[in-house]
Amino acid sequence: MKVKIVKNNPFNLPAFETKGSAGVDLQAYVQEPVTLKPMERMLVPTGIFIEIPEGYEAQVRARSGLAIKHGISLVNGIGTIDSDYRGEIKVILINLGDKDFTINNGDRIAQMVFIKHERPEFELVEELGDTVRGAGGFGHTGE
Ligand SMILES: O=c1ccn([C@H]2C[C@H](O)[C@@H](COP(=O)(O)OP(=O)(O)OP(=O)(O)O)O2)c(=O)[nH]1
Ligand SMILES: [Mg+2]
């Protein structure tokens, strides 16, 4: 599978860090360091633009090291990059930690995973099929 990429940053192309890595890291492309105070959020530019084949999406996900060490998370949980999006990939970071967190140009702030997805046809019906679970959810089977 091929992904076209345009970049206006001076960094290397995104790359898989190890043979088994599922995602490529996304680097912050900022003119000067930016500091996120606790609970502050920011749309962080990456300087990359991609064209994903139809039937695929890219998911922007947090990096666990930043999460555990600094409380850095994504406000949108997982960012969805649509195959028809041609804008800059941006990362919606939030500092859930209790200390200021500084982002320097080139810092690896998140990762991006490429996923195949379905686009189902919706069939309007009066009733859904029976199951043992039925409408039970949200912990109804116990802890
Ligand atoms: O973390 C993210 C999430 C989204 N996007 C870009 C790519 C995506 O294709 C577009 C729209 O994202 P989404 O559909 O999640 O946002 P929306 O609020 O529904 O905006 P829209 O109405 O433009 O679809 O924004 C990012 O760069 N980073
Ligand atoms: Mg949308």
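Heads up, residue numbers simply count up from 1 along the chain you see.
Cβ from N, Cα, C; glycine included.
Here TrEMBL flags 11-142 as domain 'dUTPase-like'. What TrEMBL lists as substrate binding site is ARG63, SER64, GLY65, ASN76, THR80, ILE81, ASP82.
Taken as a whole, the domain 'dUTPase-like' (11-142) shows an average pLDDT of 98 in this prediction. Once the Cα atoms of ARG63, SER64, GLY65, ASN76, THR80, ILE81, ASP82, the listed binders of substrate, are compared pairwise, the greatest separation found is 26 Å. Ranking the binding-site residues SER64, ASN76 by C-beta neighbours within 10 Å puts ASN76 at the top. Across the domain 'dUTPase-like' (11-142), DSSP classifies residues as 7 helix, 48 strand, 77 coil.
Selection of the binding-site residues ARG63, GLY65, THR80 by a Cβ distance under 6 Å from ligand 1 yields, in sequence order, THR80. There are 18 other Cβ atoms within 10 Å of the Cβ belonging to ILE81 (substrate binding site). The Cβ neighbour count for ASP82 (substrate binding site), using a 10 Å radius and every protein chain shown, is 10. Each of the binding-site residues ARG63, GLY65, THR80 was scored by the number of other CB atoms within 10 A of its CB, and the lowest score belongs to GLY65.
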